[in-house]
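J.: Got a structure for you, written out below as structure tokens; questions coming shortly.
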Amino acid sequence: MAGHLGCYNIADLRDRAKRRLPLGIWEYAERGVEDETGMARNRAAFDRITFRPRVLRRVDRIDTSVSIFGQPTPMPLALAPTGAAGLLWHNGDLALARAAAAAGLPFTISSASTLDVDVIASAGGRLWFQLYLWEDRSLSMAVVDHAAELGCEALFVTLDMAVPPNREYIHRNGFGTPFTLNARNTIDVLTHPRWLAGVMGRYMLSGGIPTQANLPDRLRTKVTKGAPPGALFKQDDLDWDGIRELRDRWKGRLILKGILHPADAEQALAAGADGVVVSNHGGRALDSSVATIDALPDIVRAVGGKMTIFLDSGIRRGSDIVKARALGADAVLAGRAPLYGLAAAGEAGVARALELLRAETARTMAMLGTRNFAEVADALAD
Ligand SMILES: Cc1cc2nc3c(=O)[nH]c(=O)nc-3n(C[C@H](O)[C@H](O)[C@H](O)COP(=O)(O)O)c2cc1C
């Protein structure tokens, strides 16, 4: 079990992460887009949902386990793909993957990760791979084939970024690609010596922070350099034919991430997908999009029981996980919650975040008088 690190909930880990990170890195990991109403709406929608608990139900044995893709999983939680985890902690992707493997939870490798996928995969455990399509589609296909060779169980294709999102603070902070130093971010970095030495310093010793680490060697660059031609993500010309092409190529589970409309979920099913992630990218894509927990019931009505339904965006408490399950999601993904742990204390911090979510989930179930997830469907107040 992870040490408590003086952190007793995800918000404590968030506070510690914020203190450790330079502002530019913190804002990249934490913020949404435009006026950030989407992030607030995700949280408000969870908070509006209430339970009607039962008593005297012998809750001395709580079973939080579920089945995901037919495999037993200790709880309905997986780690969402988060590119640039390596900026929060040295080789952050590996720390996330190791903590996930130790907790028995699946980890999703991001196609925007800064660490070689082979190194991430050395963590073992249950690995999923997230895909953004590069402008040169043959690169994407090569990456997909490599993910299969590594034994990744599922391919998550992220669809809610058809065009780059409007993250104004990234430009203000000089945090675009290429990453450029300016007066503001130089002082910012210099006033966070622990990050400078522990993260940036360690990369500098090995020749700089890599980017596009998933690409073939010849196309890899450093975050301080622009991307070579064809090696930029580009999905504005993607349509259902593109998904069918991926379906033909990828033999494992295929999941479409960033689905909010039931008609799209039905089309995903028709295209041969095995699941969807009801997601608005944690409020980082379209600011005015519906809260995911509000979008979930229609999608469950459309495709529930016919494909695996994941939900993400705003998971901060075990009670959020129970609410998502009660409304018909099979499992949730958490993005920022483990990232806060990562930035706070590396692998031990991620382990702490996962342990907090597990303990809160079990406690919520006991308080509700539900001993397993089959029973939680009846726990909502209305
Ligand atoms: C710093 C950061 C990087 C992310 N990078 C990716 C990515 O590379 N690919 C992707 O599909 N989603 C990415 N996401 C979105 C997450 O997979 C997930 O949908 C989102 O974080 C869920 O919301 P939450 O952070 O409130 O849990 C990223 C999110 C964050 C916070």
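Placement of Cβ uses the backbone N, Cα and C atoms for every residue, glycine included.
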J.: If TrEMBL gives Tyr28, Tyr132, His281, Arg284 as binding glyoxylate, which of Arg167, Arg172, Arg244, Arg247 does it give for that site as well?
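T.: Looking at Arg167, Arg172, Arg244, Arg247, the one TrEMBL places in the glyoxylate site next to Tyr28, Tyr132, His281, Arg284 is Arg167.
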J.: Please list, in sequence order, those binding-site residues from Gly83, Gln130, Arg167, Gly314, Arg316, Arg336 with the Cβ less than 6 Å from ligand 1.
T.: Gly83, Gln130, Gly314, Arg336
J.: Suppose you look only at the domain 'FMN hydroxy acid dehydrogenase' (2-382); what would the mean pLDDT be?
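T.: When the pLDDT values over the domain 'FMN hydroxy acid dehydrogenase' (2-382) are averaged, the result is 94.
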J.: What's the number of neighbouring CB atoms sitting within 10 A of the CB on Tyr28 (glyoxylate binding site)?
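T.: I get 19 for this one.
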J.: Where does Lys257 (FMN binding site) sit in the DSSP three-state scheme?
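T.: DSSP call for Lys257 (FMN binding site): strand.
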J.: Going by DSSP, is Pro81 (FMN binding site) part of a helix, a strand, or coil?
T.: coil
J.: Cα-Cα separation of Gly83 (FMN binding site) and Tyr28 (glyoxylate binding site), in Å?
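T.: Cα-Cα distance, Gly83 (FMN binding site) to Tyr28 (glyoxylate binding site): 11 Å.
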J.: For Tyr132 (glyoxylate binding site), what residues in its own chain, 6 or more apart in sequence, show a Cβ-Cβ distance under 8 Å?
T.: Ser111, Ala112, Ser140, Thr158, Met161, Phe233, Gln235
